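Okay, structure first, notes after.
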Amino acid sequence: MHRYRTHTCGDLREAQADETTRLSGWCHRIRDHGGVLFIDLRDHYGITQCVVDPDSKAFPLAEKLRSEWVVRIDGLVRKRPSGTENPEMPTGFIEIYVTEIEVLGAAAELPMPVFGDIDYPEDIRLKYRFLDLRREKLHKNIMLRGQVIDSLRRRMKEQGFFEFQTPILTASSPEGARDFLVPSRIHAGKFYALPQAPQQYKQLLMMAGFDRYFQIAPCFRDEDPRADRLPGEFYQLDVEMSFITQEDVFAAMEPVIRGAFEEFGNGQPVTQTFPRIPYAEAMLKYGSDKPDLRNPLVIADVTDLFARDDVSFNAFKNVIKKGGVVRAIPATGAASQPRSFFDKLNDWAKSEGAAGLGYVIFEGSDEAPVGKGPIAKFLPAEVQAAIVTRADLKAGDAVFFACDIEEKAAKLAGAARLRIGHELGLSKTGVFELCWIVDFPMYEWNEDDKTVDFSHNPFSMPQGGLEALQTQDPLTIKAFQYDIACNGYEIASGGIRNHRPEAMVKAFEIAGYGEETVVERFGGMYRAFQYGAPPHGGMAAGVDRIIMLLAGVQNLREISLFPMNQKAEDLLMGAPSEATTKQLRELHIRLNLPEPK
């Protein structure tokens, strides 16, 4: 017999009744029923009920056992007595009649229980993550993570991609976030950087003659944490392809992403053909470039209606005269809601920094809905009818209005759309709604610095190429850039690359970077462009966010092995920690710490 086990705690069934077995695992739960001890023994594979009678020679030791002790149990497999079976457990029709117990590892008093679903403070969970990971839900999430990554790898290889590993120690580059820097001992005063993404390396692979690249890539960004972004590091399915168009990327990647959601989505419907939504349309209709399409509400622009001479609502007209816009957010069936519903939404809008949300309630008949509410009196019947048509309203609906400069109005309208959909129970559940967002702007205006900045990835190909860069207003240029959104989350982003050196230099020049800056910051890739660069493009999908959606959780810590807390601290390992004087001396570093506040 094996030293520790002949079966796992998830193996045994009625077919093994009357066999001798040996199991090893953790004491998940111990119960005393009329002097008979029941031990639920748990390992990675499942739980098996073990029974210790008072006349068993193992009973004296069994009485001393406590939760999470690691034990080896020998015994006889037998069917559970009629009426005591547990069909919820794979092993629920058998139990082990215990003949011998060996303690393999005692456990100190637990800072948090493993049994049960009681939530504990995050600092306790992270400090004792090894205990937290024993809990069933988190344990399953981590196993799901491995399975999803295996599936993504398999699907990428089926699409003809080859897996590569790019360097972890690299040069610092301005990719939108702070770098994690690594000081060089050999080269005093110089630093490596951990890659924010393998962007340059994967493009260099295409220039090196490889055709279809992917990797499950660790990425490092020194940025503030939030629920859908872990501090420090994250993983992405990184992809690049040569001699392709945007449509080729879509054709290759849509089956991979869709397939993963179908395989691990517990039967929830998944969008079969991802619709393509231009960025400008997404911002207008949904107030977001990562729209949640489970919500049926569609925002409409009604600026021209409020700008009419016969409309006397000056609060909006004054904003419109300064270049503002008015967005209408429909609220299907909201006419029957109490006044508190509308007041609560108005208070919420004010808490978001807005002046509020104007609204109109439509009553009467579908043929002739009549508007009521605080601003209805300022709107002639003709304007009300136009709003009904444009916002796709009917009697019994209401409509809210967001008025501000376009960027702020879109953001408020988008947030209001989500809130209204949730409050009214309009959004679908149990479904994965995916879409492509396309035609992103190449550049955006930085109001603080009064400069033109890259809108997203600086390496994207402008639509129209070099000619567009030379002749168009930069703020009108669109890029061959695209995202995948799912249920309100951005889960992938990519683009066709600007592979011509003269176009790349011009693109950076518009954003305020001279050729010398391009050479300094992207020297390796810029040199490679001089020696025959193929047309290429790709994308990166957020592995962590995909798994978070599949697991049905709201926080990335629930699908990550050893995450940091909100302060970017690893409470288990004690990182970050102080370096020794010897370590600092070897790295030629002297500390200059800020004064304590």
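Each Cβ is built from the backbone N, Cα and C atoms, and glycine gets one as well.
Swiss-Prot annotations:
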type: BINDING; residues: E175, R221, H456, R497; note: L-aspartate binding site
type: BINDING; residues: R221, D222, E223, E490, G542, V543, D544, R545; note: ATP binding site
type: REGION; residues: 199-202; note: region 'Aspartate'
type: SITE; residues: H33; note: site 'Important for tRNA non-discrimination'
type: SITE; residues: G83; note: site 'Important for tRNA non-discrimination'
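Sequence features annotated in Swiss-Prot and their locations in the structure.
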{"residue": "H33", "record": "site 'Important for tRNA non-discrimination'", "Cβ within 10 Å": "8"}
{"residue": "G83", "record": "site 'Important for tRNA non-discrimination'", "Cβ within 10 Å": "5"}
{"residue": "R221", "record": "L-aspartate binding site", "Cβ within 10 Å": "21"}
{"residue": "D222", "record": "ATP binding site", "Cβ within 10 Å": "15"}
{"residue": "H456", "record": "L-aspartate binding site", "Cβ within 10 Å": "20"}
{"residue": "E490", "record": "ATP binding site", "Cβ within 10 Å": "17"}
{"residue": "R497", "record": "L-aspartate binding site", "Cβ within 10 Å": "25"}
{"residue": "G542", "record": "ATP binding site", "Cβ within 10 Å": "23"}
{"residue": "V543", "record": "ATP binding site", "Cβ within 10 Å": "24"}
{"residue": "R545", "record": "ATP binding site", "Cβ within 10 Å": "20"}
Return only the integer: C-alpha distance in Å from D222 (ATP binding site) to H456 (L-aspartate binding site). 18
For E223 (ATP binding site), what is the tally of other C-beta atoms lying within 10 angstroms of its C-beta? 15
Once the DSSP letters are reduced so that anything not helix or strand counts as coil, what is G83 (site 'Important for tRNA non-discrimination')? coil
Per DSSP, how many helix, strand and coil residues does the region 'Aspartate' (199-202) have? 4 helix, 0 strand, 0 coil
Please list residues from the chain of D544 (ATP binding site) whose Cβ is under 8 angstroms from its Cβ, counting only those at least six apart in sequence. L230, F234, Y235, L556, I559, S560
Measuring Cα to Cα, how many Å separate H33 (site 'Important for tRNA non-discrimination') from V543 (ATP binding site)? 46
Rounded Cα distance in angstrom between H456 (L-aspartate binding site) and E223 (ATP binding site) is 17
Give me the Cα-Cα distance between R221 (L-aspartate binding site) and V543 (ATP binding site), rounded to a whole Å. 16
Measuring Cα to Cα, how far is G542 (ATP binding site) from R497 (L-aspartate binding site) in Å? 20
